[in-house]
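Q: Below you'll find the structure I mean.
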Amino acid sequence: MFAFSKAPAGCSTYERVTQKFQDGSNKLRAAIEMDELTKQNGTINEKLQTAELYKQARQMLKEANEFNIMDIPESKRSEVREKREKTLNLEKSAQDRLIKICNEVDPNMKRASTAADPCRAARITPRNTRATVPGDKKVSKVKQTEKAPHVCSRGDRCGAHQPPPEKKSTPLKPVNQIRTRVKENKNPIGVQQQVFSFILSCCMRRNCRRPHYLFPCMISLKMNYFKFQATLPNQLNTVNRSNLLKGVDKAIGERLLDEILDSTGVRMDDVAGCHSAKATLEEAVILPALNPNLFSGLRQPVKGILLFGPPGNGKTLLAKAVAGESKQMFFNISASSLTSKWVGDSEKTIRGLFQIARNGQPSIIFIDEIDSILCERSEKDAEVSRRMKTEFLVQFDGATSSPDDRILVIGATNRPYELDDAVLRRFPKRIMLNLPDTEARKELITNTLKKHDMMDGLSSSDIRYIASNTSGFSNSDLVALCKEAAMVPVREIHRSKLSVTDGDKIRKIRASDFDTALRTIRPSTSDRILSKLSDFSRNFGC
């Protein structure tokens, strides 16, 4: 009915996106046509084929959105953005219809003929009478005519016709005796996904020779699988893109949506030390999500957290951990995200940022190096800079903001004493991430070496010795020290043998390698910076 072609390998990103969008639309149109034909009196097999078409259409439309907008020619970006918005709506419609079809099919339906003779229900479907799915290029080899006898692939479960008695096939094992290659898993959803994948591969492939009595089991698993997918607590999947951009200029909104971090792969356990900052972030982000009604009124979590301290002590890494563990919308904002060469665009961008955060709340806005944007106001400031700071303060906590807004702003800076007083007032939690102590240094060195499988040549006493000799080192200094120590065994290899040496044959790192590395890697934080940060923490810190 419809032809689904593949884009050429050497085509541009724009052509590939357009082709995938067209293929997904055609597949969805085929699914809708088959859905209309089978909505009233369709059989279970036909409805499952319709659901499979919807699933393929969703996958094609999802692939059409996997591109970088900067790879598209500037003259075509507006067209591609419109197609992306349309694609998201079509994908959502296909998902809703897919779940509805699974809900319509009763997995516990009793069939008298199957119960009376289970072997007859295990009849193999003849290849030349296989049902043709709309959009499939393969056509049945034998045309159905009025004189030809009707052969139904559903066997005795077909209410309109009976299978011819001369057609016989060897009965297969009942479904409860078939050995499925499913690994043991304590998670029931994981087991259902594996069983569903096995049955789907047996029943829905083109050269299917499996009996159709597997379909009732597949229906039950498919319903649970799609219901589980629909209830995943991912904030980005549950909020429609058009709802996020409500009340926001489209061009500015699309640029801000590119600043959203989906997943960073960093967890709280990856950050050594910083216990007070971890506890504060857990209290402000994770606990209110568990019981929002409890954290209301006077228990309402703070809306601003300022992380300050010497450079290289995990401020940005801690924000990445929050983005990785929380299911909230996370904006990673820098100075380049808010500034513009056009007059008035910076204020519009800030207003659009907070509007998108309100539309998708609960949400988190992380501003790295916040002192470059919100430093202390003075008479020497340019007019654009003053307007941008004023707009940020108004949107953060002004007349347009609401006390019920669940928006958390996290700022990170190495120079907190340069921030404006009004900015400090909007960050009630001001936490200093100081240089790691001995225990934190031991933990960081151990984690870094274990991550790269280089702990074999070192004992716990060696780690304790290294940590005691690295006083004043920041987290980034310790990582650089580990890298330098790992290079010491490599430097011992002669240059002529370096190209043919296997990495497994290099000797293990020893404590003496860290002594060698300490001669070149020195602390990067001066006493003057530490003194100024300590004074600020004593006067304004929490």
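Cβ atoms here come from the backbone N, Cα and C positions, even for glycine.
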Q: Between the candidate ranges 29-66, 371-408, 447-484, where does Swiss-Prot place the coiled coil annotation?
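A: Coiled coil, as annotated by Swiss-Prot, spans 29-66.
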Q: Restricting to the coiled coil (29-66), what is the model's mean pLDDT?
A: 79
Q: Can you tell which of GLY309, PRO311, ASN313, LYS315 has the least company, meaning the fewest other C-beta atoms within 10 angstroms of its C-beta, among these binding-site residues?
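A: Counting other Cβ atoms within 10 Å of each of the binding-site residues GLY309, PRO311, ASN313, LYS315, the minimum falls on PRO311.
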Q: If you count other Cβ atoms within 10 Å of each one's Cβ, which of the binding-site residues GLY312, GLY314 has the most?
A: GLY314
Q: Among the binding-site residues listed here, PRO310, THR316, which has the most company in the form of other Cβ atoms within 10 Å of its Cβ?
A: PRO310
Q: Using an 8 Å cut-off from the Cβ centroid of GLY309, PRO310, PRO311, GLY312, ASN313, GLY314, LYS315, THR316, can you name the remaining same-chain residues around the ATP site, in sequence order?
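A: Those within range, site residues removed, are ALA412, ASN414, LEU433, SER474, ASN475, SER476.
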